[in-house]
Structures are given as C-alpha cells and as structure tokens.
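This report refers to the structure that appears directly beneath it.
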Amino acid sequence: MEKSCKISKFFILCVVLGVLSVATIVTLWAIALTDSVEIVAPWDKYRLPDTLKPDHYNLTLWPRLTVNAQGLYIFTGKSYVVFQCVKETDLILIHSNKLNYTKWGDDHLAKLSALGSTPAPTIKKSWLQPTTQFLVLELNGKLAVGESYQLDTVFVGELADDLAGFYRSEYEEDGVKKVVATSQMHPTHTRKTFPCFDEPARKAVFHITLLHPRGTVALSNDGTMILYTMHCLFTRFEPTKSMSTYLLALIVCDYSFISAREGDILIRIWARRKSISEGHGEYALNLTGPILSFFEVYYNTTYPLSKSDQIALPDFYFGAMENWGLVTYRETNLLYDPLTSSNGNKERTATIIAHELAHMWFGNLVTLRWWNEVWLNEGFASYVSYLGADYAESTWNVKDLIVLDEVHRVFAVDALASSHPLSSKDDDIQKPEQISEQFDVISYSKVNIRQCTVLTMTKGLNNYLLMTFHGMELPGTVHDIMNHWVLQMGFPVVTINTHTHKHFLLDTEYVGSVPPSDFCQYEWIVPIKWMEAGVVQKEIWLLEKEALNNKLTSGHWVLANINVTGYYRVNYDLGNWERLLFQLSTNHQVIPVINRAQLVDDAFNLARAKLIPTTLALKTTKYLSKEIEYVPWESALNNLDYFYLMFDRTEVYGTMQHYVRNLVTPLFQHFKTITADWSKVPDGHNEQYNQVNAIRMACSSGLVECQNLTKSWYSQWKADPDNNLIHPNLRMTVYCSAIAAGGAAEWDFGWDMFKTATIASDADKLMSSLACTKDHELLNKYLRYTLDSDKIRKQDATSVIVYISSNVQGQTLAWDFVTQNWEYMFTQYGVGSFSFANLISGVTMRFSTKAELEQLQKFKEDNSKIGFGSGTLALEQAIERTTANIKWVDENKKKVWDWFLSEIA
C-alpha cells in the first residue's frame, strides 16, 4: 500500500530562508576576507615582473643647449627596445619618469610590433603611473613565450639642472656661458632619459645616436661609428657591450682632451678647454694606464673595452660614476694642478680613479642582481682602490690609511642599533629612495678585506671572489665564515685578560633593541692576530663566545688585532691597559703605528659604550706629545672631535682647549723645525698631512704663534690677490683660521676669491673656509646662498650647510635653516642634488640636549607627510645618536672636566 508524504508551505519557506541566510553569511565572510588581503596591481609595485627580457635598445636623443620659447632647456628623443617574452602576459611595464610622450595613430603612448611570425596583440590601454615610475600598456591579447617584440616611443624631457638622468651643467669660459648636456643614470635615473627596463639585472645592448650643435662633441660608452652633418651633427656610436641601464653615459659638450694609449686601449681625459691647456688633466692621464694594467693582472682579465674616457664636470652629484667606458667625475676629483692642489687633492684623484676603474670589471662586467647587494660593488671597489693607488704611487703607503678612512668611519655607524647588515632581503629594497639609502658608509667601507686577501678571479670571472685569510687555516668554509659578517649588522668586541677571550656587541645595552640575528644573539667567527711584549704570536680563531688561551704570560702587555686586519674592537683588563699606556709613554714605537691609532680609537669608543672609564680613553692621548706620525694623531683628533661637539658650548671647553694646546705645541714646533720655519714642505706624504694637523689644531686651540702666522699669510695674499704664496697643502687651514679670527673684510675677500677661482680644488678650500667665520650675519647670508645656484652650485649646497653646522657659531643657524626650508629643499630645489642623508647627519651631529632631541622629534613629526627620502635612515640614526649623546654628557661631563683640570694644573 502506497504512503503519501505532505510537506507544508511554511516548512519550504523556512528551508529557503535558511539557505539564503547561509549564502549571505558565506558571501559576507568572503567579502571580509577579500578586503583583508590587499590586492596590489602590477603597476603599483616597484619591481618589474619577470615576464619580459630586453635584448637591445635603439635610442636617438637631441639635447637643446639653448632655451625654448617657454624658457626651458629640453631634449627630444625616439627609441625602441627589442625584448623577448619569457612568460605569457598581456601587460607591458617599462620604467618611465618625467617624460612626455607623443601619441601614435591609435592614440596610445607607444607602438608594439612583433618581430616573429606571430602578430603582436593590439594595445588596449596605455598610461603613465608616476608613483612607481612606469609606462603601462594593457594588451588585448597575450604575448607569446619565446617571441621577440619591438616597442617604439617618441618623447620629450626637460634638460634640467637637477643632476639626475640626462641633465645640464653650466659654466663660464672667457666670459661666455656654456652648457653641457650630461648624464647621471645611477641608480634609477635612466628612466628619466628614455623608457627602459631600469633594473641592474636587465642587461641589454645600446645603440646610441646623439644630435648636437656644430662646434660640440658627443660622447658615450663606446667609440664613434658614424659622424655626419645636416643642420646639426649626428654622432652614432658603436653598440655597447650588454650592460645594465645605470651604466649608460651621454654627453654633449664643448670640451677638449688629451690622450694616450695603454696597449690597445685609447685613454682620454676630457675637461674644459682651459683646464686641458693648462695641464690639469696630465696627472689623471699618467695614472690611468698603469692602474688599468694593474687591474688586468689583478683580475686576470683584459680590459673589456677599446677605450677609457674620463671627463670632469662642473656639476655632478656623486664624486664620480663608473659608466662603462666613459667615467664621469666632479672636477675636483679628476683634475690636478701642482700649483694649487694639495697632496690630499692628489691622493683623492688617485684613489677615486682607481675606484672607478676597478668597477670596469667588478660591477660592470660582473654586475649585482639587485640593489640589496650594493656592498659587493662598492665595498670591493673601495678596497681595491687603495691597491691601485698604492701601485701607482708606491711611496705614499696609502694602504695604511684604510684604517682611518674606512674602518674607523664605518665602526661609528655600525655600532648603532639603527645600522644594517651588508646584505638585505630583496623585498626590503623596493623604492628609489630605499635604493639610494643603500649607498652609505656600511656598503662602501664595511667590506674590511684587510682581514682577507683577495687573490684572483679566474678567467671570465667564473669565481666571483676567492679569499684566503693570510695563510691561516680556515675553521670552516669561506661561505660559513663570511655569512656571519654579511648577514648581520654590527661587529664584535674581543675582550682579553690573562686567561679569557670573549666577544659581544659593542654596547651590550643595545642587545635587546637590535633586530634579531640568525646567528644566536650576534656571534662571529673571528681571526685574531696578536703579539705579546712586542713579539708576534701564532694566529688563532675565536669560534665561540669564550675561549681559553694558555699562552699568555703574566706581567707582559698583550696587543690583539695587529695592524687592524680584523673587523672588531679589542678591550683588555685594566692591568693590561695600564701596561699598554706605560709602553706608549716610554717607547711608543714598539707598538705598530696602525695599532697606536687603533688603541686610541678602541679606547674612546669602548668608553662611550661604558665598557671602560672615559678617563682611561683620555689617557691614551697623553703620549701624543711625543708622537709625530700622522695616523695616530688623526685617530686621536677624530675622537677628540666628539668631545668638542659635546662640550664646546659648555664650561668644559676652555680646559679642553688648554689641554689640546699643550699636547699639540710640540708637534707644531717639530714641523716648524723640519720645514726651516715653514719655508719648505715635509718629504713624506703622511708627514704633509700631519703638518696640516699641527697648524690646524695649534691655531684652533689658541696657540698665539700659530694664529699670528696664519693671519700674516692671509693678509699677504689679501694685499696681493694675484700672488698666493700659501702652500696648497695649508690653504684650507690658513683660510679657515684667518677668516675665523677676522671679520667682514676677511670673509668678503675669501668670497671674492671663491667666485673668481678657476681651479675647482682651490674653490673647494675657500668654500669650506668661508663657514669658519664667527659672524652670525655672515653665516646666515652664506646659508641663504645655498638656495641660489648662481652663488653656490646645487651639488655643493649640502656641503656648505654641513660646513656651517660644524662651526659652533653656526650650529643653531644651520639647523633652523634646514627646518624652515625642508619642504622647499626636499620637494623642489634639492631634488636629485641634495644628499639628504648627509644633510640630516651633519646638522644634528652636535645635538646633545633634551631640547634638541625634542626639536628633532618635532622635525620628524612635522615633515612626516613630506618625507625624508634618502635621509630616512639618517634621521633615525640622528635620533638614536642624540639620545645616546644626552646620556653620555650627563654621565661624563663632570668626570671629563675634572680630568682636564688635573692635567693642566
């Protein structure tokens, strides 16, 4: 018998409502979950997708060296890039910044065509994405994997004076204003010149043509292939090697050159015609060939190009740039005049040329994949620049200066909790300003390869870097040892007493606040070279936090890190410190000269970390009244400079000046004697440096004999401006001392000489010295000049502001000027030309009060929306440094004052 089943309408309604309720809840959950995950469009990301691979560019540019109807300097260009599709995509992203495009017939910003049998998809939509600096092309179909395509563009850009991309530099010669069209593509400015895949790993070949006025010359990375004329000159260059976009160089100028050959390599030095005719390029020309030959042997690889052009530019942001085959320099760094340039200028020219030429292999031939590995480029080049300069100028012993110029400098930053490892994660470095931040003292100077010897690179640079530690047997692989140094910030302090070695962070209070390390609370594998009572002992490796050494003999002094071949500081038990101090006071020459400098530097910095008393650090300077070597003196003065910064606005200042004056007077008298009353120049390179230290510190600490000497020299020059008898080595010191002691007349004369200076290195000395005046009105006027490019070149504005802030009379004035003008400098005037990191660091270096910390924090808050660009990290470091300074002054002011009083009693 069949049974029937009845379902009520009410039941059906309930089921339907229930289903709908569940669906609604699920939908709401889905919406909520979707909203919580931010979907970022590809064009809103800063990195290129991995879908396209450039093969070559064909670029034609025409820079106009006169203003147009709108009063602007411009350049016009057309280019195409051939690329291969490596992953299927319907989107093309290519970098572009501040370029105006001519639309094609289909009303799009570019034209896409296929080079194979498969037709190219049409463009659906094209637009510019200013924030991420992309030209975006959405397509109506997919690009085919393995197929090659061509993208054509026509565009206009401004040939601005912003020192970035394709820009203009101006100078006067024989009363005529001249314009140079030049370039600075590094690190992310090629996109400001033409659309390109502007990342270092996206290497390609460049076919370049430049149009330029008759009477000018065009230069690029490779040699000229075709030169022909119509209404102007067309210069086409040979195709480049496959290279990164940031290495491209483009210049149109009215320069002349001198040349030579080193084997098959054509070497040319380019500069203003007057500089070349007066022989200012001869030193660079004579250096370049030997340094190139040295590196060919060193790398075991021939120079990759047929020419090596180097050019001096009036306006240039960096010190120099390693464009492959056409290296660009500030004039002061390439040109040398024996009549006006100091030995410091000469050394800087040698080391910078060596640095840039080292990049021709290490950086250009072999290139970093992304900007998180900047240290591989710059750190290595910094190191080998000393080797190249030492080869070219073997009498200078320039390798000894690595400790002062690189190691001590980077220690100061790497001790901060706001430091960073050498190597970062790719994702941490995305934006252009983050990329710019990577070019700091850590990346350039922390690669202390004094602790290892770079032996060779096999043919073709198959082995990127081969290291051995001075013949010491390695306790592990190079990879395992170096990871500790590369992947974590900071450095160890090795503490030595009679029985124990320990190592830990410089300031143990920072351990809780620094980023976590992958190596068990910051551990390193440390090679230790040491001596006992002047006798060198067998090297050892410190593998753990504590190690026993039974070879130490009680009662003898022990010294570790001989010649500073390791990147670490050394602390000792109090008894050993006293024995070392006694050795310094009785016969300091038993201790190697570099270690005399290091004892001073370690002591002062260990004292700041509260690992030893501050007065113990000050005791390391007492022996200097018997010291005549430059390296220890420079180390001491660099460390005493911190005391000046902290105390030159307090009652401690007078007693410190008295102590320093007593300390430096014997050195002043020593140089007076060996120079026959200042009538000749000391023989040695470092002796000449220390003569400058003697006069600088004697005058600034109030030695009347010195002050009268510099005033008389300056007055003689002032009376006969065409006959400057002050030796180039001494000019900056003499100018500064005389201007500080003088008034408006001395400053005005210095300004007039600066504006009429024809040699860049002499102009630099005057530019620095003008900041030495104690007159607030003059300092304020000088500050205003930094925002007037007719008075102070944009490239120099940061330096002038920092020079003024280093003067105790100018500190507050400079800080107020920066805070009042930050928005204008950051968003308009200083874009591309101001080093915001150096600016922030420089004007806050003296900050040591709670009021100054509050001002700094307010500055950060007030300008958070405007931003700080490449100065972001420097601002955090300034806050951290100011906080530490406040604490240090509170704890040490009375002790330091009492110590100075006891020493001058």
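Glycine is no exception: its Cβ is also placed from the backbone N, Cα and C atoms.
Annotated transmembrane segment per TrEMBL: 12-32, in sequence order. As annotated by TrEMBL, domain 'Aminopeptidase N-like N-terminal' applies to 53-247. Per TrEMBL, domain 'Peptidase M1 membrane alanine aminopeptidase' is recorded for 283-447. Look at TrEMBL and you will find His355, His359, Glu378 tagged as Zn(2+) binding site. Sequence annotations record features per position, and here TrEMBL assigns active site, proton acceptor to Glu356. The site 'Transition state stabilizer' annotation in TrEMBL covers Tyr444. Residues or ranges marked as domain 'ERAP1-like C-terminal' by TrEMBL: 557-882.
On the structure: features taken from TrEMBL.
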| residue | record | Cβ within 10 Å |
| --- | --- | --- |
| His355 | Zn(2+) binding site | 24 |
| Glu356 | active site, proton acceptor | 27 |
| His359 | Zn(2+) binding site | 25 |
| Glu378 | Zn(2+) binding site | 23 |
| Tyr444 | site 'Transition state stabilizer' | 20 |
*Excluding His355, His359, Glu378 themselves, which residues in that chain have a Cβ inside 8 Å of the centre of the Cβ atoms defining the Zn(2+) site?*
Glu322, Glu356, Ala358, Phe362, Gly363, Asn377, Phe380, Ala381, Ser382, Ser385
_Among His355, Glu356, His359, Glu378, which are recorded as recorded positions, the nearest neighbour of Tyr444 (site 'Transition state stabilizer') by Cα_ = Glu378
*Between 0 and 100, where does the mean pLDDT of the domain 'ERAP1-like C-terminal' (557-882) sit?*
95
